[in-house]
Amino acid sequence: MDKDRGITMNDGNKIPILGFGTYSPDAVPKSKCEEATKTAIEVGFRHIDGAYVYQTEEHVGRAVRAKISDGTVKREDIFYTGKLWSTFHRPELVRKCLEESLKKLQFDYMDLFIIHNPFSMKPGPDLFPMGEDKKPVFDNVDLRQTWEAMEACKDAGLVRSIGVSNFTRKQLEMILNKPGLKYKPVINQVECHPYRNQSKLLAFCKSNDIILEGYCVLGSQRDPSWLNPDAPPLLEDPLLVAIAKKYNKTPALVAIRYQLQRGLVVLVKTYTRKRIEENAQVNHICNLRYHCTTRG
């Protein structure tokens with residue numbers, strides 16, 4: 001990390017260490033994403049993380065352009081990440097997905113474009129195609145060919161860097177060992193927090209000059225359909241609370257700083273102005289010397 005709070009990736013481009021996520025749950029009006037993104041830029045965020053499947057790209061684009069128009073930032077100040085959705089994995093569809101996102105954003109290029117998931121789904125208008133049995137309809141695509149199409153998008157100047165998301169070590173090795181590989185993934189974006197610290201994957205990525213980027217850094221979303229409701233929320237963990245009290249900071253800031261000190265790029269997401277401002281303060285926390293262990 002250098003003085004401008006960025007990390008240089010393996011292709012020479014730089015990514016800000018703290019990013020603002022723009023996923024919006026169905027229960028939240030998409031318009032809130034626009035206002036939150038404006039606020040994030042106003043308080044200092046320069047890394048904005050989006051995705052085709054979030055269906056918020058038009059709102060994010062308007063927010064960024066508004067902050068450019070009022071002189072807060074220039075386009076080159078903003079690092080925007082977009083994602084290739086699973087219904088576009090066939091090589092001939094990769095650029096189509098990217099261009100649709102760019103059109104919604106009204107951007108000429110993306111700073112980073114990543115494969116959202118390592119599984120492919122049936123192409124078509126449905127984001128989550130389902131069969132008559134109400135089960136997802138998957139597609140059989142060689143992700144090495146998908147990656148070649150990603151490389152072509154970089155060569156065309158539509159994106160500056162390319163990477164992946166939710167990839168395991170084995171899936172990363174498949175790309176890295178691909179004959180004729182032109183560009184290595186610069187980043188692997190995964191769920192990462194003190195209860196799921198991804199230490200083995202982090203070590204592998206570091207050994208291959210790939211940055212690990214963490215989402216859900218404040219703990220997994222507490223969806224009762226899959227999470228044990230009796231499991232304690234991460235931000236109520238006694239160790240985290242004790243450290244936060246010692247440094248007179250919130251548990252959330254301590255959890256974020258923990259990941260930054262491990263060398264991760266960190267994504268945070270909230271639509272509350274107070275919390276957006278709080279998250280932006282993480283760079284002012286002194287180094288914290290402690291260890292968090294993985295819990296099952």
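Cβ coordinates are placed from backbone N, Cα and C, and glycine is handled just like the others.
Feature list (source: TrEMBL):
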- 18-285: domain 'NADP-dependent oxidoreductase' (DOMAIN)
- Tyr54: active site, proton donor (ACT_SITE)
- Lys83: site 'Lowers pKa of active site Tyr' (SITE)
- His116: substrate binding site (BINDING)
Near Lys83 (site 'Lowers pKa of active site Tyr'), which residues of its own chain have a C-beta under 8 A away, given they sit six or more steps off in sequence? Gly50, Ala51, Tyr52, Val53, Phe113, Ile114, Ile115, His116, Ser165
Compile a sequence-ordered list of residues in the same chain as Tyr54 (active site, proton donor), six or more apart from it, whose Cβ lies below 8 A from its Cβ; state 'none' when nothing qualifies. Thr22, Tyr23, Ser24
Just to be sure I understand the packing, how many Cβ atoms besides its own are within 10 Å of the Cβ of the residue listed as 'substrate binding site'? 21
